[in-house]
Amino acid sequence: MEYISKDIEKKWQNFWSENQSFEPSSSKTKEKKYILSMFPYPSGRIHMGHVRNYCIGDAFARHFRKSDFNVLHPIGWDSFGMPAENAAIKHKLHPKKWTYENIDYMRDELKSLGLSFSKNREFATSDELYTKWEQEFIIKMYEAGIIYRKSATVNWCPHDQTVLANEQLEEGCCWRCGTEVVQKEMPGYYIGITKYAQELLDDLEKLKEDWPSQVLTMQENWIGRSEGLEFKFDLSKESRAKLERAFTKYFVFTTRPDTIYGVSYSALAPEHPIVKYIVEKNLLPEKKIKAIKAMQKIPERDRATQEKEGIDLEIEVMHPLTGKTIPVWVANFVLSSYGGGAVMAVPAHDQRDFEFAKKYNLPIKQVIVGPDGIIENQTEAYTAEGRLIESENFTGVTNIEAKKAIIYHFEQNSFGIKKVNYKLRDWGVSRQRYWGAPIPFIHCEKCGLVPEKIENLPVALPEDVEITGEGNPLDTHPTWKHCTCPKCGEKATRETDTLDTFVQSSWYFLRYATDNKKWNEVGISKEDSDYWMDVDQYIGGIEHAILHLLYARFFTKVLRDLGYTNSSEPFKKLLTQGMVLKDGAKMSKSKGNVVDPDLIIDKYGADTARLFILFAAPPTKELEWNDSAVEGAFRFIKKFFERAENVNQNGLDNFKSIDHSALSKEEKEARKKVYEALLKSNEVFTKTYTFNTLIASCMEALNALQTQKNDSIWAEGYYILTNILEPIIPHACWELSKKLFDLKNFDGKIELKEEVFALESIILAVTVNGKKRCEIEVAPDTSKDEILVKAKIASAKWLENSEILKEIVVPNKLVNFVIKG
């Protein structure tokens, strides 16, 4: 048979499309598999990263579909976002037109790969129907107290003119455009993810078997749970007066209450209210005020990597236990978003505090000593365990015991409380841009902030806008933002901020799980969600570990609590695929090392691209592009296709009734290679994900078949191999299966045959006093006595004239004779 990839691939892609071959059954009687690759942003062209992601997902979907599962394998488009606005400015196109033209082009590109998506469930997150249901969720979250509006210091991208969440910063720069981010005070909407911090942390335990440990660790660290003591520092009388009595105290949180007697200074974040007040009122010399202002302009993330710097605020607080005064500084290492933006500093037992104290010549008081009890002139902080010294009634107690005892003492005397803190911050979702989902709230002078009525949703974007790159066009639109208050009917204005695009990707998997026939009536069908959720296999890059993956977990829990789903975790299994490299670097236009998938498909065919992508490296590892390996993949498919000529009618008539016992040793070996590939297939798709080893096993099986002349073995071999390879090279396999088996080998799982794996003989090592001397070959059912007789004959020259003290037979492994002398 001649292999002409273009003709074969076009034929089967049209067949699959016309017959809706990959739509899931609406019946819920079968066991299901929900396979999902992270949906793409419609940037205009697919790249090799897309190809790898979607070929992996498609392999899973096809495997489980032919294994008689009801498979949901959808595709859609994460279509809101700043790149559309930037493209609108550059190409003078409306963002909507640019976006949907890209979707049309990329849809055709993905089709050319032969991906088995459910077409009926395709949507874009910029579709008004998707926006409608998302806005309903936002209103319900607002009513439940999960969404709120406040003014805060935010990360501002001067280039994109929008706010960024902490998770969207990369080394202090915008994750999208790379512009250095600045700090800015402005009002915005926040989603209370911190309300779910403990559940998000606890439920990582449920994922530890099937998620990469690196992702779990990243999320655990990002949530950042810590237990400790929260207490107040009272300002000294003189400091209260200096601050014009605007402040009398502030609160700090510490995970080391055992070191509280070693506090030698306190430090505040540059954004702390006291620091802001001092700057606003010019309560310090001009030089210090300028230095503080400069510190305030630097994002927290950047400050964390800078050299530790501080400024004496010339105020003092009282130690809560000793009553002694302690100087207060502003320091660049204190985070306003953690523990109230204030810390107690114990230089003797914290390396950061130690370095700061050394730099500014602040006192260092040791209050914990090691087992030797020696107090030394410290060159670094003592952070090991030990016993307390110079700590009043707690002196002599181990620091572990002291933590509990000091917290108890504070609580009993109402000085402070035991508290759990998290590094995780509430999620700021306001974005000052046009191409996003409008936030469905209205500002009324009389009623304040009012959600839009559910029956008025969606709040859709106006299309008559001009994108200039200067501010948000919704702010200046002549009519769109002007409306009436849903509560009192008076004149009001719409919120012009739009939602962070990570909101859309935080629930799209639940939308897919809803039968598309119900999309007009509900955003999420609970009945359908109960059947399809959780996603059985999710595929995407590890770069989403603390952005999309955390937000998706959070949103699922919120929607559960709001009654939309019973699911608590969205993704059972997670596979994070590695990057595709060329010349040792990530493909990029600037490096000139981009490989265009369209050109590869045009030259070799989609099956070759798929085979190379899945064979070149395990999916979780980086993949180095190799032109000669692509050629090799093409040659294998061509050989596999052409060798099918060896399958004749005689073999097709008889392969299902092969008598294994009547086969020659070579025939049995060839048949075993085929079934080993089938066994490997089941293992790869459920446990190891190592598609490369499966493909190698199929190549070995084909080589083994080539040595045979048994018609039935050839027919059975192709019956099984076309089934195994269908998830990887589907077009070629459907073509062969149709010609040879009328596609019947894709109906249900092919069962393993035990007789194929039955051992014909066993090789046993024969050892004398533990030293291997020879080997014997015996049948699997040979008795122990027969084995010993055969072993003695084989090792006679080493046993000659020796007294055998012991005879040991280890089944299926060895025979050992222990002899005297």
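For all residues, glycine too, the Cβ spot is worked out from N, Cα and C.
Per Swiss-Prot, ATP binding site is recorded for K589. When other Cβ atoms within 10 Å of the Cβ of K589 (ATP binding site) are tallied across all protein chains shown, the result is 8. DSSP assigns K589 (ATP binding site) to coil in the three-state reduction, outside any helix or strand.
Remote same-chain residues near the motif ''HIGH' region' (40-50) are listed as 77-79, 81, 83, 99-100, 102-103, 105-106, 109-110, 124, 541, 579-580, 587, 594-598, 613, 625 (criterion: CB distance under 8 Å, separation of at least six residues from the stretch ends). Under the heading motif ''HIGH' region', Swiss-Prot lists 40-50.
Within the model, the motif ''KMSKS' region' (586-590) carries an average pLDDT of 76. The feature motif ''KMSKS' region' is assigned by Swiss-Prot to 586-590.
Here the motif ''KMSKS' region' (586-590) has long-range neighbours at 47-49, 579-580, 625, meaning same-chain residues at least 6 beyond its ends whose C-beta is under 8 angstroms from one of its own. Residue counts for the motif ''HIGH' region' (40-50) by DSSP state, with H, G and I taken as helix and E and B as strand, are 3 helix, 0 strand, 8 coil.
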